[in-house]
Amino acid sequence: MAVSLWQQCIGRLQDELSAQQFSMWIRPLQAEMDGDTLVLYAPNRFVLDWVRDKYINIINQFFTEQMGNDAPKLRFDIGSRPSAKKPEPAPVAAVRVPSPQTKASVGTAFNTTEPVANTNHRSNINPTYQFDNFVEGKSNQLGKAAALQVAENPGGAYNPLFLYGGTGLGKTHLLHAVGNGIIKNNPNAKVVYMHSERFVQDMVKALQNNAIEEFKRYYRSVDALFIDDIQFFANKDRSQEEFFHTFNALLEGNHQIILTSDRYPKEIDGVEDRLKSRFGWGLTVAIEPPELETRVAILMRKAQESGINLPDEVAFFIAKRLRSNVRELEGALNRVIANANFTGRPITIDFVREALRDLLALQEKLVTIDNIQKTVAEYYKIKMADMLSKRRSRSVARPRQVAMALSKELTNQSLPEIGDAFGGRDHTTVLHACRKIAQLREESHDIKEDYANLIRTLSS
């Protein structure tokens, strides 16, 4: 009875939550009765804590509405419900190669000359990319949580998993971390990672060698397929056709698919609607540019791995000025470390200013309050004058608040200076705008998307 009640509760939650919230937090839950207690099993600690913190009141309220004093007690646990646990599958043959392929490597992922019956899968997962060395922050928290769940339960609730965001934000790191997690749990798993261009190259090579059946057999018999930068399938009709059928075959067999892109699935031009629709069948998660604290943590971790003692004030100095992506941060730190090694000088703020003077000058030139105002006004299709006006209609006030929040995040200007740039507003108005936008980014998918798009535009 209570399990049936949980199914009704799921229907209520699906109506009340966004599609992403429901897929991320509610869909993975499993329910089972234990005496007079309904136990909800979460796939990991992160999901358990989130559901218990955010949704337990809604769940309990629904149970009380339906059953009054007879409502079951509620308990949370981690794992799968006992009756749902399956026997371990029989291992399947696979071949690991010691040196992982990269996006730039050449050749094909499958051997067009081998017999059809001997489809050999080379696991090209990079062992250096692990969850343990992925620096987590608010910008990538959901992405990491989803990736962890996929590593623990491939082919489960988050299938396909679609990660999107700008260049250098850690999407590829998460792909390899998932692959390493799957292989750790099942060393014989057939896990294949590749850039989308490799899939296209393999298909072309298969056509040239009259080996299209081997191509199909190879890709449709993997346990997990991870494809980076799926947007490069744009306008490649034959590749899209083959991937469409591969996608369907893998999902029907409960084999895991993870895709990445630099944009939201529906915004990928040149890709068929039927594919874009399927990209959203599982879970779609944005990976955003890292916030200040995460940027500092990334720098400190990288310095530690390099055996360098990076002073806190230096890490904050770099992190406040370089905001676009992780790759840029790490590149800047590598330059600082190299200069310090060559010159023997200690790493101070003045030293960093000198070592990164061209990079810092370019960044400060690109991101100004005026540039932010113009970019936001153009994005929301309002007049530049509206940014400075006293108008309070939501169509104007909300973009103005977004621009203020971006100014605080992307420039080194103080709150009073930002207020002055927005028509002489008080610093408390700017602070309110920043807090309001931070709240809306948690609650509104549209605002979250808008903010991420503007960050990418201003940082590119």
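Indices start at 1 and increase along the chain as displayed.
Just so you know, glycine gets a Cβ as well, placed from its N, Cα and C.
Annotated features in Swiss-Prot:
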type	residues	note
BINDING	GLY168, GLY170, LYS171, THR172	ATP binding site
REGION	1-84	region 'Domain I, interacts with DnaA modulators'
REGION	84-123	region 'Domain II'
REGION	124-340	region 'Domain III, AAA+ region'
REGION	341-460	region 'Domain IV, binds dsDNA'
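Sequence features annotated in Swiss-Prot and their locations in the structure.
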| residue | record | contacts (Cβ under 8 Å, 6+ apart) |
| --- | --- | --- |
| GLY168 | ATP binding site | SER324, ASN325, VAL326, ARG327, GLU328 |
| GLY170 | ATP binding site | PHE134, ASN140, GLY143, ILE287, VAL326 |
| LYS171 | ATP binding site | GLY143, LEU163, TYR164, GLY165, ASP228, THR260, ILE287 |
| THR172 | ATP binding site | TYR129, ASP228, THR260 |
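Summed and averaged per residue, pLDDT over the region 'Domain I, interacts with DnaA modulators' (1-84) gives 81. Each of GLY165, THR167, LEU169, HIS173, LEU174, THR260, ILE287, ASN325, VAL326, ARG327 belongs to the same chain as GLY168, GLY170, LYS171, THR172, is absent from that list, and has a C-beta within 8 angstroms of the C-beta centroid marking the ATP site.
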